[in-house]
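Undergrad: Take a look at this one; I'll ask things after.
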């Protein structure tokens with residue numbers, strides 16, 4: 001349920017990453033290394049089909065890898081490659097990747113999508129993309145849109161600025177497919193294409209006579225002394241694999257699978273595979289053996305943000321706050337952006353100096369408003385990820401589920417078991433103030449309180465009147481489908497499904513916070 005006083009959110013974020021980098025060359029200007037694209041590719045990039053990969057048409061080494069002629073010669077003299085760079089001098093130190101976006105090259109939605117790609121990688125690894133600060137960072141990525149196609153260097157070059165280009169398209173077309181953006185960031189943090197892996201001939205056959213003349217180098221394998229697959233098998237479903245018709249002379253297959261694909265599609269740009277995630281974590285996040293849960297960076301000591309009142313949160317706590325905001329962005333059109341006093345009148349300040357976790361409901365319209373998260377270990381107290389989300393749900397306008405106008409049809413409040421003086425926590429909100437957006441009461445909502453809330457003796461104060469259907473009142477493990485649907489109904493017009501993440505259809509739903 002959400003107050004009619006909606007909290008309009010808008011987000012702008014900048015990133016920074018780190019991993020193995022290419023050998024340096026005489027090129028001081030990173031733009032001087034970028035090859036001119038071919039007239040044929042330029043024409044094809046104008047009329048991409050739904051399954052065409054823009055990165056295959058970008059005119060660089062292997063389509064989208066920026067390398068100097070010296071580097072190309074060095075790597076083409078090696079023929080025993082895996083997929084990720086080995087030398088630590090090419091890595092982004094501590095998994096911190098500084099970057100900036102040339103925002104004049106892009107629309108607001110495109111900028112947001114670039115940030116979303118970086119966040120998606122942060123969600124499943126210890127990598128952290130941070131705003132480039134010339135006072136702090138020597139090496140950084142500049143994301144441009146002025147070049148032809150999508151391309152990036154591989155790893156940290158160690159020469160200052162390096163270019164990652166994304167030719168502007170509508171969202172989910174060409175370079176602006178979300179996982180094409182991720183594909184390019186994967187290059188930037190040190191990964192080559194899957195079909196260049198040393199062991200690729202055990203998994204795929206390259207049909208050399210079907211490859212366009214002059215593009216054969218795109219199928220070279222890289223040296224095992226330079227790259228590693230981190231003990232992870234070849235992956236047909238990798239976001240780093242090219243399509244089966246890559247660089248084809250006539251549209252026929254140039255890459256043929258030698259084993260069962262097990263339902264995978266070579267060249268898919270829909271998701272990062274489990275093996276992609278595992279390789280990234282083994283490259284940057286020590287001793288990772290699973291992709292089941294997001295990784296918390298074990299080694300970073302640098303503070304990204306300090307909070308007001310001299311309460312300094314640890315990097316992991318700050319990262320977890322941002323992760324809560326990002327999780328909401330992943331499934332809605334909401335955008336959380338850094339507060340700028342020159343631009344924003346109303347904003348959220350996240351503090352840790354108060355006792356417990358609390359927030360106002362919706363945008364108050366009076367300037368600064370406080371959302372407090374008392375510091376604790378991750379997944380304890382206010383720093384359970386979905387407790388953070390619970391408080392952000394308040395901030396964007398939602399009350400507790402047990403306060404819903406229709407709650408007496410779904411739960412019984414056991415008033416004589418409630419602690420004296422806390423009865424107000426069970427008051428119902430007026431239908432004239434809040435709405436459920438046509439979504440039924442939700443026992444499993446992240447906004448529902450537990451069955452023993454404010455109990456005088458530990459016995460239930462909230463008793464369900466209908467089948468829970470496996471839900472747990474008061475869970476803080478996930479946002480429910482109904483939570484997501486209510487958020488989208490409130491902010492994102494005509495949303496009727498929670499099956500896929502929502503792409504921001506407007507650009508007005510933005511929240512500013514410090």
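Using N, Cα and C of the backbone, Cβ positions are placed for all residues, glycine too.
Just so you know, TrEMBL annotations are computer predictions that nobody has curated.
Sharing the feature lines straight out of TrEMBL:
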ACT_SITE  184  active site
ACT_SITE  391  active site
BINDING   183, 187, 193, 390, 394, 400  Zn(2+) binding site
DOMAIN    80-286  domain 'Peptidase M12A'
DOMAIN    282-493  domain 'Peptidase M12A'
SIGNAL    1-21  signal peptide
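So where do these features actually land, and what's packed around them?
TA: Counting Cβ atoms from all protein chains shown, residue 184 (active site) has 25 others lying within 10 Å of its own Cβ.
For residue 391 (active site), applying a Cβ distance below 8 Å and a minimum sequence separation of six or more within one chain yields 357, 358, 359, 371, 373, 382.
DSSP assigns residue 183 (Zn(2+) binding site) to a helix.
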Undergrad: Would you count the other CB atoms within 10 A of the CB of residue 400 (Zn(2+) binding site), including those on all shown protein chains?
TA: 21
Undergrad: Is it possible to get the count of other C-beta atoms within 10 angstroms of the C-beta of residue 390 (Zn(2+) binding site)?
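TA: Taking all protein chains shown, residue 390 (Zn(2+) binding site) has 25 Cβ neighbours within 10 Å.
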Undergrad: Between the Cα atoms of residue 193 (Zn(2+) binding site) and residue 184 (active site), find the distance and write it as a whole number of Å.
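TA: The separation of the Cα atoms works out to 10 Å.
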Undergrad: So what pLDDT does the domain 'Peptidase M12A' (282-493) average out to?
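TA: For the domain 'Peptidase M12A' (282-493), the model's average pLDDT rounds to 81.
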Undergrad: Can you check which residues sit near residue 394 (Zn(2+) binding site), meaning Cβ under 8 Å from its Cβ, same chain, 6 or more apart in sequence, and list them in order?
TA: 359, 360, 361, 371
Undergrad: Near the Cβ of residue 183 (Zn(2+) binding site), how many other Cβ atoms are there if near means within 10 Å?
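TA: The answer is 29 other Cβ atoms.
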Undergrad: Rounded to an integer, what is the Cα-Cα distance in Å between residue 390 (Zn(2+) binding site) and residue 184 (active site)?
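TA: Computed Cα spacing between residue 390 (Zn(2+) binding site) and residue 184 (active site) is 33 Å.
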